[in-house]
Amino acid sequence: MFSTASTTPEKLLQMLSALLLFAAVLGVVLFFASRVRGKRSDNLVGYLYLLPVVLLLAVGLVYPGLRTIYESFFDAQGNAFIGVDNYKTILTDGDQLTVLGNTIVWVLIVPVVATAVGLIYAILVDKSRFESFAKALIFLPMAISMVAAGVIWKFMYEYRVDQPNVKQIGLINQILVWFGGKPVQLLITDTGKLNTLLLIVVFIWIQAGFAMTILSAAIKAIPDEIVEAARLDGVSPWSMFVKITLPSVRTTIVVVLTTLAIGTLKVFDVVRTMTGGNFKTSVIANEFYSQLIRADNQGLAAALAVVLFILVIPIIVYNIRQVRQEA
Amino acid sequence: MTVTPLTTTPEVTPVQLSAAAVAKKRLSSPWASLAAIVIAVLWTLPTFGLLLSSFRPELDIKRTGWWTFFTDPQVTLDNYRAVFDSDSVNLGTYFVNSLMICIPSVLIPLSLAALAAYAFAWINFRGKNILFVAVFALQIVPLQVTLIPLLTIFAKVGIAGTFWPLWLAHSTFALPLAIYLLHNFIKEIPAGLIEAARVDGAGHVSIFFRVMLPLLTPALAAFGIFQFLWVWNDLLVALVFAGGGDTVAPITLQLANLTGTRGTAWHLLASGTFVSIIVPVTVFLLLQRYFVRGLLAGSVKG
Amino acid sequence: MFGHSGSSRSRVALAGALGVGLVFGLAACGGDKDGDSSGSTDSAASSIDCAQFSQFGELKGKTVSVYTGIVTPEDAPHKKSYEPFEKCTGVTVKYEGDKSFETQILVRARAGNPPDLAFVPQPGLLQQLVATGKAVAAPKEVADNTDKWFGKDWKAYGTVDGKFYAAPLGANVKSLVWYSPAEFKDKGYTVPTTLDELKALSDKIAATGSKPWCAGIGSGDATGWPVTDWVEDFMLRLNGVDAYDKWVKHEAPFNSPEDIAAWDAVGSYLKNDKYVNGGLGDVKSIASTTFQDAGLQILEGTCSLHRQASFYAANFPEGTDISENGQIYAFYLPGKDATTKPVLGGGEFVLAFADRPEVKAFQYFLSTDTWANLKAKSSSGWVSANKGLKIENLTNPIDALSAKILQDPNAQFRFDGSDQMPAAVGSNAFWRQATAWITGQDTQTTVNNIEAAWPKK
């Protein structure tokens, strides 16, 4: 069961037995949980429900996370303690500052724009005849792997020289040419962070589907009476949106923004596949990968990961306050 | 749209016309439609370009833009034939692997997260809030830092090179977000329902199964699709835990290898991409109806 | 992680039973495969001497796993060349090709999950892998073969801290300039034999109004590496092999005058608006063009010269006539004068992480002249520095040219320098700074930045 399966039936069998094993584990947890009685039962049942999760997370995320924090105070090979030198590098080195700046641009733009597009689109297509088809179109990019997305956007951004016999194969440059302009080497132009913004477009393109789907569900759950009442009051469409729709889906928007912000902080494959982090487009998660894998600098990589932790703290704090307010 | 599972609650009644629909109707309709169409076109255009490319001959792809297709339509199925050629690319095997990886990697975290989210929302146990914040915060641990420690463990246990590391890793990595999203949904379920069941003497196990699970189904389906997509499209975890052989590696890995050791094979990537999109899109279309009434996460309180 | 599965004993028993079943299934499957291949490889097997493997004992039914960055389509001739060995010994070679090999092999080695054998394309990476403590030294049989069939310099690249680990496998010649013999004939250009002649030729072509050179350094997350090859080639040519060796070992700083001279010499080609970028745009377009696409401009007639390694042959479309008088061919990037012949090149090394007899036997096989010739016959775009490799077995004229350059007694072969430098430089700073240099950064800043990235001891 734990050995290599090489034919399809073997693989299937292995998968089924794994699922059975998992079901058995769950069964045991639930069995014990159902036996618990008495005053302390809530405590015990709570811990039992969380037991598998805590075990997996402790081994899979907490332990590596703590190790990373520890390693961030050591040198490239993890041999010598060097204090906060790695953090100094991140905060003083010119390249690293660009990386930090880019990450902040990403995390400010992506969640907001993706959520806005998702929300507007969800409202626009709501109840329309082609709703499910229309939604599938925006959802489609989510179904595409980054490797594939890289190819897709190559055919948007690609540059070909402006010469008589050479044709553009990137759509954007073709449009520029059609309108009498000259093709631009889009991905290596960092004036006004153009290339970073172009990469951000790709990520928004992928993530808007997530925002749209979740927000659409929330919109559909707004109780009818509220809407009816507002309508009887003769509320204008705009104030309907501002006074009814927005407040009703506010918590959902927070959830979506949070999820997207965290996802954006971790973004790495978009940058990796499209520019490799060159031309001043690198972000922390990509730089982390470069330092860990390419440059073999464990210490700096670890420190970069810790900076990611730190950047997410405001998001966590905000969410905790949300939870408190609701409670 | 009828929110079936929630009709049991007095607070939420079947919605006939949503607020958004009303708002939209009042917004001058032609503009709204135009805006929707513009967004839809912008979002679909890049993929559409690749779709056309996947049917174009290799040299044409390299030399002219895909829109040339409209003035000079050259169609070939060679790119698709090539990716299914069992001697070289052999996407079929990897396709099976992707399925084998995905199914447990969706079911396991989903059921664990449902239990945990329920516990966080409706069971009063000590340290609940701290634990919840901790789980939430774990979302930020970059997967990359976990890879070597985990692979070391897998190698020691002797399951490296099988599907197990992928299942366990994907399940673990999915938990923080899954718990966060499901918790947001679960806590909106009217407390009255749970109180009523408790008064009837039901324990947490039976409340979970009899009351929660039916209400949760749509949310689970929704998160299930997301998780399915993320796992299906994952490359990083697969790179580390599956390696490059065809026994375990998923389709994304083979797609990444498609470009050849030193060549560019846009034509193969184009067709390979569409083969790999089929499953996620089908899953989305099939489960969309759950989706729509699904993630009510954070909707107005009942 | 499976601790709590023990709570359900019957399940575990079932799991065990299933596991056993799967193992049997696997074994049976392996057997089938042997049976299948026996028919097709009879001729191949009979062409090699099976007795040479008897020293490793009975190996039937054993498996050797190989992990490499060589993927489709170059993997097919590799697998094919193993068949005689598999037939002789009954060993199954499990070939795992992965484009991300260079990053993943380190992860796997560090985690204690390495393959039996890895084909390592960089001496620098080889050192990192040995440093993990998981690699094992080459067996005596392999060391003997290496002494017999390879030059001392090649053996040295597979040696870490005086201990010989890895025998060379394939090789490539990087000091090549691709051109079109047809075009040269038409326009009366001649193949240059010195650097001055190369410059003169470039000027001559530029005077006709077309850009002589085309270049591309795009390569995903390895973008920039083609520039490092240029710099190394000019380092060798302008400053000689001794200065090159010092530079690679960082006994001379990266921002030394010699180094700057080499960069500026490269700049006189790559950052020269009159010379580049034929058919592709301005100087900056070098950064946005993938290295695979750049040289194809020669076929388009928009570019005449493209400096790239011998493996570039694989990038031309099928059916391109690559030969001395055909559409495409390459010439040796000349030395400073016609007598010195520095050759920049690369290659892979076979590093073992296990010392089971079947692994040793396969390592031994790969280090023989028998294998080199088998592989040569079955592939195109491949050479080896194996002295037993018969040039007539190489089907592709470019491979024959490479082999001739490698076997030239006057040649001074040097391995790609960036491949030997510490990762922080060789596969990070050097690439990135070179990319920034192409897009406008000046030479002094570039070399200073690379010098600063050198790990402090």
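Cβ coordinates come from backbone N, Cα and C, glycine included.
These come from TrEMBL:
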type: TRANSMEM; residues: B:31-52; note: transmembrane segment
type: TRANSMEM; residues: B:94-123; note: transmembrane segment
type: DOMAIN; residues: B:95-287; note: domain 'ABC transmembrane type-1'
type: TRANSMEM; residues: B:130-155; note: transmembrane segment
type: TRANSMEM; residues: B:167-186; note: transmembrane segment
type: TRANSMEM; residues: B:207-232; note: transmembrane segment
type: TRANSMEM; residues: B:265-287; note: transmembrane segment
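The transmembrane segment (B:167-186) shares the most Cβ pairs under 8 Å with B:130-155, out of the stretches B:31-52, B:130-155, B:265-287. Contacts between the transmembrane segment (B:207-232) and the transmembrane segment (B:94-123): present, as 3 or more C-beta pairs lie under 8 angstroms, all at sequence separation of six or more. Long-range neighbours of the transmembrane segment (B:94-123) within the same chain, counting only residues 6 or more positions beyond its ends whose Cβ lies under 8 Å from a Cβ of the stretch, are 131-132, 135, 163, 166-167, 170-172, 174-175, 178-179, 182-183, 185-187, 189, 194, 204, 207-208, 212-213, 216, 220, 223-224, 227-228, 231-232, 238, 242, 246-254, 275-276, 279. Long-range contacts of the transmembrane segment (B:130-155) within the same chain, counting only residues at least 6 positions beyond its ends with a Cβ under 8 Å from a Cβ of the stretch, are 116, 120, 164-165, 168-169, 173, 175-177, 179-180, 183, 236-237, 240-241.
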